[in-house]
Amino acid sequence: MAGDMLLLMRGLARLSQAVIETQANSLRSGGVQTMQMTAEQAMGVAMQKIQEFTGSQQSVSDFSADMDSKYDFTASEQNFESAAHGGLDSDSVFRDANTGAANTYSQAQGKSKLFDGYKDPTSQFTGHTRSYHQDHSSVGGITAEDIEKAREAKQNGSKPHKQMLSERARERKVPVTRLGRLANFGGLAVGLGIGALAEVAKKSLRSEDKNGNKKAVLDSSPFLSEANAERIVRTLCKVRGAALKLGQMLSIQDDAFINPQLAKIFERVRQSADFMPIKQMTKALSNDLGPNWRDKLEMFEERPFAAASIGQVHLARMKDGREVAMKIQYPGVAQSINSDVNNLMTVLSMSNALPEGLFPEHLIDVMRRELALECDYIREAKCARKFKELLKDHPFFYVPDVISELSSQHVLTTELVPGFPLDQAEALTQELKNEICKNILNLCLRELFEFRYMQTDPNWSNFFYDPQTHRVALLDFGATRGFDESFTDVYIEIIKAAADGNREGVLKQSIDMKFLTGYESKAMVNAHVDAVMILGEAFASEEPFDFGAQSTTERIHNLIPVMLKQRLIPPPEETYSLHRKMGGSFLICSRLNAKISCKDMFEAAYSNYWSGRKKGPSQ
């Protein structure tokens, strides 16, 4: 039956595409109503089919059992109640200041129940502002509880703690069963088809863009309209897990890959994941830490201050007074990696959202492996401790302590760090921003060529700058991986050749690394070498490189179509995460308009690399 469901999703997509092709002319002549009726009928059939499958959970589990057997996901899937938990919109917690007295009372009462036992966690500190790497827009409305907290904070000389969860985030139960998650993707497939029809209708009824504006790589399909992007965001924020992780990866791409309007919407994916109801959250904690986990804490805030793809983060205070951040994994996420990735790739493939040359099968395998590692919080704790040891004497970076007694397979607790994420660093002086970026790039080179052990997630919120100590805390080590010497030996020579302006060297080393086969077209070879040379310009410049003024994005954009269409083999598996980290580090430098000397930095890394090896380059 699960196979029938997937066939249904694909069939609906093909139906939508066929209607688009055959009825475009009728749209121009006023046939919009006919199109809407066709779409509504398709949606009705889909919803009826999904309802027929409601009682068939076992067959779906059998369908995906063979996929699970290929991966070592030892945590058992939890049996949570199937009744849907009522969603709690942000407006029901943070009321508008102009609401009536009766409504005010009822909402304040609900909020009081939600935060029962809450104490201001920052009242013991003075003159200290903490940020929680989420959407930082203000929240309207003041309750009696807010006023009381403000008074207490004023008496203690500190600012009150403020929830930084995005206003768009809603309290919604995580779909735990595979059938429940599949139904959400089925609804998304239908919605995308309807949205595509509507987009074609709008485009056919308005004049074409004559401004000659360049389209982004993922901006060529009616399935990727703004309305459909909204549908994607809503679904990803609800199901979370592997699907949401891909949306977060899209959110950190620049405008050359994603239309700026779509990028803004996908940015919400990074900041606006829904969060678990209290009942589901506490059950997850009790399952992992035992029923008496609260006895180890003086305070635990039941509303999370951050919600991401795999888990949500809560503020707590231990009995010894230390403030900690408790990351709780969403139930069922680890067990649903295979089905989530398959379902999402089906939706993206049918909507033509994946450009040619991405090698989806290879990409799927890489995503599965990375997500399986990120769901293992015991492994992440080990990675954090290893990085803490590697950077123990670093004057600028540090790693917060892991709290072992409150950590497990699905719960990771670390000390809470002060400061703010780098996306709020734009107001700092340019000299300070240059120093931050220089340290980030230097750390990136050390991770790859000295440690051969890299945290590969370049999310802004994984770098917290504390202006009081002038240090940066490094967070989130779930995406940490190692690199073999056989890989770094060749990769460092590719960068060296690019920095030296040696095109033949770039080509030779690229073939050795299996970026190219040696049988590509001349156009493909030139595009690949050009891209590497462009990326190596920062390490070639004798003068400080101006990341804010560089045209790297535009020039790489012009090469992407050729590389996607004429690539013969997928790139090395290691480069997916490596280039995500390096590209993200360059993007941070660009956003902060950094102007730093990188040539000396790379030459020092190159010299140290080979001096620490038994053999020299090309030996």
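Backbone N, Cα and C atoms are what each Cβ position is placed from, and that goes for glycine too.
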> Which of N342, N462 shares the ATP site with S309, K327, T414, E415, L416, V417, D476 per Swiss-Prot?
Replying inline: N462
> Pick from 125-128, 245-248, 321-324: which range does Swiss-Prot record as motif 'KxGQ motif'?
Replying inline: 245-248
> With the ranges 306-309, 530-533, 586-589 to choose from, which does Swiss-Prot describe as motif 'AAAS motif'?
Replying inline: 306-309
>> Long-range neighbours only, meaning 6 or more apart in sequence with Cβ under 8 Å: which ones does D457 (active site, proton acceptor) have?
In response: D476, G478, A479, R580, K581, G584
